[in-house]
Amino acid sequence: MLSAMFFSLLCSVLWPTLAVTIDMEGLPDTGLDTSSWTTGVLPPLDDIWDLNDMQIAAKNVLSKKFYASYRTAALNEYTYQANLGIYSKVRLNGFAFTDTSNIQTSTTILGFNFSQPFFIAPAAKAGHANKSAEASLASAAGKAGILYVPSISSTLSIEKIAKAGQAGQVMFHQEYVWSNRSRLTDELDRIEAAGFKAIFLTVDNTGINGVRTRSMRFTEGSDTGHATNFDLPALAALRNMTSLPIVPKGIKTWQDARTCLALGFPAIYVSNHGGRVLDGAPTAAEVLLDIRRHAPEVFAGMEVYADGGVRRGTDALILLALGARAVGLGRPPMFANIWGEAGVSRMISLFATELATSMRLMGVADVHQLNASHVNTNQIVL
Ligand SMILES: Cc1cc2nc3c(=O)[nH]c(=O)nc-3n(C[C@H](O)[C@H](O)[C@H](O)COP(=O)(O)O)c2cc1C
Ligand SMILES: *[C@@H]1O[C@H](CO)[C@@H](O)[C@H](O)[C@H]1NC(C)=O
Ligand SMILES: *[C@@H]1O[C@H](CO)[C@@H](O)[C@H](O)[C@H]1NC(C)=O
Ligand SMILES: *[C@@H]1O[C@H](CO)[C@@H](O)[C@H](O)[C@H]1NC(C)=O
Ligand SMILES: *[C@@H]1O[C@H](CO)[C@@H](O)[C@H](O)[C@H]1NC(C)=O
Ligand SMILES: *[C@@H]1O[C@H](CO)[C@@H](O)[C@H](O)[C@H]1NC(C)=O
């Protein structure tokens, strides 16, 4: 009797500490209720209804250090916040009187067929979220028919990631410009031998990663080993090191876009690296608008991919309407991977539903019909 009373007293004292409240970091409030979650324990995937929910779940489960390593951006994170915020400044024009009974999201990227115009962008160390690491990203992407582009700084080797894919699955691979030339040529050879079909060559953080205060609190900043002298002659020399098509990733100005067109690249990838390198760099929407204004020939002459802060199907539609052929997701797949492949598959399917639903509501039956008439960007001042 006395012990039962003591127990209920104990419970009432302890109960408030069991309910998890998590700082949502200003993400849109869509009613996610974390009160039944336990800190450090994977919440049920059924509780998860969008990509922001997955970030909060990852924040609940991962160590502070690993969450910071994924979440961090550079300096004051102005660019990181701008990436998330820019889409709220764009109005979508939905046209009535169109037949949307058959929604087509499939497209080609560098000539290869994919089910969706969005892809899993390269992000280092998927193993910090789940021991399946990049294998679950490759597998989930393959089953959904979307593109996955593993990072050269992955947890698993180039060869292991290639093997984790489905039969016939097309993947590209990211590479950095290492100052160690034999490392560069060795990796390019291994990427080609393992069956990857193209290289995303990241050109936005030569020599240095950017000062990422949030993650530096947990780890020492270190030399990246990237070349600091990567100029146009060095780029020309690098193109001779592989027969795979090369796509420069991290284009942030219309001038560089035009340079890449003149150099005959098949595509460019507009990105500020998720705000992790140059804080203050413009968002992808702004860079695409700049290219449209100053170098519109880029869109006719090459494919343009883009990323940064894409969390909703509508965000992807905005970038597609502004001229992107495909749109990358960086952090969301890493967060989704706390559940392994099941989480990544759910992320892809939730995002695909948002994309197809919003297309239908805009009166767009096929992703290739999206053009600038579908967006009003008057609130973006260039
Ligand atoms: C944890 C993490 C690791 C990343 N690692 C790489 C990398 O190794 N190579 C690269 O080119 N980009 C890397 N990126 C940048 C992504 O490819 C992508 O440009 C960016 O994350 C897109 O922004 P988002 O996270 O808002 O979607 C990384 C991003 C994150 C968040
Ligand atoms: C890509 O899809 C098109 C149209 O469905 C088809 O004609 C083509 O054969 C496909 N290509 C590959 C390599 O599967
Ligand atoms: C350069 O890369 C090669 C091949 O990966 C490696 O064997 C060698 O140790 C590296 N050299 C230095 C100085 O790091
Ligand atoms: C690249 O290879 C081509 C053909 O072998 C050659 O003509 C060119 O000079 C090479 N360029 C560089 C920068 O090495
Ligand atoms: C990783 O993913 C697997 C499913 O692949 C899951 O069972 C497990 O709970 C996840 N978490 C960890 C910490 O491995
Ligand atoms: C852009 O899309 C609108 C709406 O579908 C269409 O009426 C218009 O012809 C398209 N413009 C171009 C240049 O394709």
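Each Cβ is built from the backbone N, Cα and C atoms, and glycine gets one as well.
The structure displayed is predicted, hence computed values, not measured ones.
Feature list (source: TrEMBL):
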| type | residues | note |
| --- | --- | --- |
| SIGNAL | 1-19 | signal peptide |
| DOMAIN | 43-380 | domain 'FMN hydroxy acid dehydrogenase' |
| BINDING | 122-124, Ser151, Gln174, Thr202, Lys249, Ser271, 307-311, 330-331 | FMN binding site |
| BINDING | Tyr176, Arg212, His273, Arg276 | glyoxylate binding site |
| ACT_SITE | His273 | active site, proton acceptor |
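Under DSSP, Pro122 (FMN binding site) is assigned to coil, being neither helix nor strand in the three-state scheme.
Using a 10 angstroms CA-CA radius around His273 (glyoxylate binding site), the binding-site residues that qualify from Ala124, Gln174, Asp307, Arg311 are Asp307. Using a 10 angstroms CA-CA radius around Asp307 (FMN binding site), none of the binding-site residues in Tyr176, Arg212, Arg276 qualify.
Cα of Gly309 (FMN binding site) to Cα of Tyr176 (glyoxylate binding site): a span of 22 Å. Cα distances from Pro122 (FMN binding site) to the binding-site residues Tyr176, Arg212, Arg276 are smallest for Tyr176. Residues Tyr176, Arg212, His273, Arg276 are listed as the glyoxylate binders, and the farthest two of them sit 19 Å apart at their Cα atoms. Of the binding-site residues Lys249, Arg331, Lys249 has the largest number of other Cβ atoms within 10 Å of its own Cβ.
Of all Cβ atoms in the protein chains displayed, 26 besides its own lie within 10 Å of the Cβ of Pro122 (FMN binding site). Residue density at Arg311 (FMN binding site): 22 other Cβ atoms are found within 10 A of its Cβ, drawing on all protein chains shown. In this structure the C-alpha atoms belonging to Arg276 (glyoxylate binding site) and Arg331 (FMN binding site) are separated by 11 Å. Per-residue pLDDT, averaged over the domain 'FMN hydroxy acid dehydrogenase' (43-380), rounds to 97. When the binding-site residues Tyr176, Arg212, Asp307, Arg311, Arg331 are checked against ligand 1, Asp307, Arg331 have a Cβ within less than 6 Å of one of its atoms.
Rounded to a whole value, the Cα-Cα separation of Lys249 (FMN binding site) and Tyr176 (glyoxylate binding site) is 10 Å. All protein chains considered, the CB of Gly309 (FMN binding site) has 24 other CB atoms within 10 Å.
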